[in-house]
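Novice: Shown below is the structure under consideration.
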Amino acid sequence: MASDLSVCHLGLLHILMKVNFYLFFLALTGFSLTGHSVLRVTKDTKPNSEMMKFLQNANTLLLVVAVVSLTGLIFLGYSSTSLRYKEKRFCLNLTKEHQENSNLQSPQGLSYKQPSVVGPDGKVVPVTPWLSPIVWEGTFDPLLIDSIYRQQNITIATTVFALGKYTQFLKDFLESAEQNYFVGFRVHYYLFTDQPEQVPEVKLGEERQLTVLKVPSSNRWQEITLRRMEKLEKLIESRLVNEADYVFSLDVDTKFYGRWGAESLGRLIGVIHPGYYQTAREQFPYERRPESQAFIPYAEGDYYYGGAVIGGLVKDVYEAAKTCREQLDIDAAKSIEAAWQEESHLNKYFLYNKPSKVLSPEYLWQDFKPHTNEVKIIRFSQVIKNYAAVRPNP
């Protein structure tokens with residue numbers, strides 16, 4: 001609407017400028033003719049005083065018209081330039097606003113076919129139905145994509161939670177990350193732990209650092225999981241908004257086995273859970289109780305996303321973490337705990353706020369699972385562990 005008004009204003013200004021130009025031209029022409037007439041009259045031996053007075057008044061009037069028209073031309077010319085600048089700035093702001101707010105939001109209750117990860121021919125599907133890429137080996141050039149993003153001088157924040165006996169996984173996590181995770185990029189690990197003294201000494205590469213943040217311990221692993229979104233939200237508010245461009249939150253009981261680079265960067269990133277990438281959505285372990293904020297009906301769902309990985313631009317991960325934390329708080333007030341805690345709420349968020357890029361199960365595997373034809377390389381995997389031995393409660 002504002003753009004339409006600008007166009008109308010510009011058209012009116014052009015008309016007024018033309019009118020002023022013609023008035024200025026006519027005034028100058030009239031001024032020249034009356035001046036010539038005055039000279040002819042003054043040469044007459046018997047000048048007519050009334051004629052002289054008329055010509056002089058006409059001459060003065062035309063001179064005033066010429067000055068006013070010239071002033072109008074200058075003013076309208078400035079106004080036209082100013083309006084053009086404002087219109088251009090308005091259009092640029094609209095474009096920027098559209099780019100920044102280009103969230104892929106889907107309405108609730110929409111009925112459509114479940115997307116596939118593997119096609120009928122056995123080949124992997126490289127794109128979602130909403131045209132976000134699914135990152136598989138062979139869909140990108142590692143040298144090219146890293147070179148493009150390295151020029152942007154970005155910082156990738158990475159949050160890790162290691163409470164209680166989970167500190168035993170830190171050494172393998174950090175050492176394998178230093179060999180495979182965003183090698184050659186500026187990476188800042190933020191480690192949440194209740195036992196800072198148990199953090200191992202790991203040699204970090206150039207422009208890579210580790211910050212240890214002490215948090216209270218808990219007697220329930222579910223509570224630890226439930227509060228991760230809150231911790232991530234507050235960290236972004238207090239630090240990451242000024243310290244990083246992208247952020248990933250990763251599970252600590254994992255290990256990197258292959259390259260993880262700039263191909264994983266995007267506005268909002270989710271990873272397909274390795275246990276359900278060929279499962280019908282009716283069998284996904286979504287939260288099915290309608291009274292929970294994480295509820296997803298049986299007829300809805302795209303993929304089942306793993307809660308071990310969430311990433312993207314700082315502002316977009318903040319929105320995801322904040323929304324999930326708010327939904328978790330609403331459930332907690334009603335004494336409801338979703339089936340898989342924050343993972344259930346994350347799946348609800350991703351269903352209606354589509355990720356701009358989806359990572360294939362290459363980026364979240366499980367060590368106990370055998371290799372499959374689809375997964376050519378395992379980049380990041382959950383290690384085998386005795387849950388009874390590492391969790392504070394069953």
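Even glycines carry a Cβ here, placed using N, Cα and C.
Quick paste of what TrEMBL says about this protein:
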type: TRANSMEM; residues: 20-39; note: transmembrane segment
type: TRANSMEM; residues: 60-78; note: transmembrane segment
type: BINDING; residues: TYR166, ASP251, VAL252, ASP253; note: UDP-N-acetyl-alpha-D-galactosamine binding site
type: BINDING; residues: ASP251, ASP253; note: Mn(2+) binding site
type: ACT_SITE; residues: GLU343; note: active site, nucleophile
Novice: Using the Cβ center of TYR166, ASP251, VAL252, ASP253 as the UDP-N-acetyl-alpha-D-galactosamine site position, which other residues in that chain lie within 8 Å, going by their Cβ?
Specialist: VAL160, PHE161, ALA162, PHE169, PHE173, THR254
Novice: Do you know offhand how many angstrom separate TYR166 (UDP-N-acetyl-alpha-D-galactosamine binding site) and the residue listed as 'active site, nucleophile' by C-alpha?
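Specialist: Their Cα atoms are separated by 19 Å.
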Novice: Tell me the Cβ contacts of ASP251 (UDP-N-acetyl-alpha-D-galactosamine binding site) under 8 Å, same chain only and six or more apart in sequence, or just say none.
Specialist: VAL160, PHE161, GLY307, ALA308, VAL309, GLN382
Novice: Rank the recorded positions ASP253, GLU343 by how many other Cβ atoms lie within 10 Å of each Cβ and give me the one with the fewest.
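Specialist: So among ASP253, GLU343, the recorded positions given, the one with the fewest Cβ atoms within 10 Å is ASP253.
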Novice: For ASP253 (UDP-N-acetyl-alpha-D-galactosamine binding site) and the residue listed as 'active site, nucleophile', determine the Cα separation and express it in whole Å.
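Specialist: Spelling it out, the Cα of ASP253 (UDP-N-acetyl-alpha-D-galactosamine binding site) and the Cα of the residue listed as 'active site, nucleophile' are 16 Å apart.
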Novice: In whole Å, note down how far the CA of GLU343 (active site, nucleophile) lies from the CA of VAL252 (UDP-N-acetyl-alpha-D-galactosamine binding site).
Specialist: 15
Novice: Among residues TYR166, ASP251, VAL252, ASP253 annotated as binding UDP-N-acetyl-alpha-D-galactosamine, what is the maximum Cα-Cα distance? Answer in Å.
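Specialist: Max span of the UDP-N-acetyl-alpha-D-galactosamine binding residues, Cα based, is 10 Å.
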Novice: Is it possible to get the count of other C-beta atoms within 10 angstroms of the C-beta of VAL252 (UDP-N-acetyl-alpha-D-galactosamine binding site)?
Specialist: 23
